[in-house]
């Protein structure tokens with residue numbers, strides 16, 4: 001079907017010699033060609049909008065997740081560091097036994113061996129397992145990898161690289177008092 005009216009295609013116009021010469025592809029009348037004017041610019045409207053929507057989505061996600069995570073993960077308790085602390089009554093550790101207490105940020109095992117109290121770190125120096133007093137073997141033992149220590153934390157055998165950290169211990173007013181050595 002043929003076009004009716006005053007429509008003339010650019011190709012026909014140039015062959016008939018009427019009107020201005022057709023603009024080359026990509027050129028903007030009265031300015032630079034499109035390729036030249038946007039050289040080095042690498043974004044389009046769609047890409048720009050995608051980045052804006054993505055950024056808004058990220059802000060919404062973070063602002064929603066932050067309070068949820070704060071609610072689920074409890075705040076760390078701040079431990080007041082002291083030089084000396086009464087950890088419990090002297091009757092807690094009868095002769096031939098040992099008991100673990102919290103002292104500052106460490107766990108301490110207090111051992112009563114023949115009426116003599118000693119206190120050492122209850123954390124094995126090998127991999128950080130909790131040690132215990134082995135009454136039958138008369139020593140401090142680590143259940144994880146078989147580390148063995150004397151009552152005062154010295155190495156007997158096992159894979160541990162260092163002896164247990166020592167603390168001072170005394171009985172004062174019927175209470176066991178542990179202090180930094």
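Positions of Cβ are set from backbone N, Cα and C atoms, glycine also.
Note that the structure is a prediction, hence the values are computed from the model and not measured.
Residue 126 ([2Fe-2S] cluster binding site) counts 17 other C-beta atoms within 10 Å of its own C-beta, drawing on all protein chains shown. In the three-state DSSP scheme, residue 126 ([2Fe-2S] cluster binding site) falls into the coil class. If you look up Swiss-Prot, you'll see 124, 126, 142, 145 marked as [2Fe-2S] cluster binding site.
Feature annotation from Swiss-Prot assigns disulfide bond to 129-144. In the three-state DSSP assignment, the secondary structure recorded for residue 144 (disulfide bond) is coil.
For 85-178, the entry in Swiss-Prot reads domain 'Rieske'. Restricting the average to the domain 'Rieske' (85-178) gives a pLDDT of 90.
Look at Swiss-Prot and you will find 1-35 tagged as region 'Disordered'.
Residues annotated as transmembrane segment in Swiss-Prot, with sequence analysis given as evidence: 53-73 (among others).
The feature transmembrane segment is assigned by Swiss-Prot to 114-134 (among others).
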Inter-residue C-alpha distance, residue 145 ([2Fe-2S] cluster binding site) and residue 129 (disulfide bond) (nearest angstrom): 9
Packing count at residue 124 ([2Fe-2S] cluster binding site) (other Cβ atoms within 10 Å of its Cβ): 23
Residue 144 (disulfide bond) and residue 126 ([2Fe-2S] cluster binding site), Cα-Cα, nearest whole angstrom: 9
Near-site residues: [2Fe-2S] cluster, ref 124, 126, 142, 145, CB cutoff 8 A to centroid: 125, 127, 129, 131, 144, 146, 147, 158, 159, 160
Under 8 Å by Cβ from residue 142 ([2Fe-2S] cluster binding site), same chain, sequence gap 6 or more: 124, 126, 129, 131, 148, 149, 158, 160
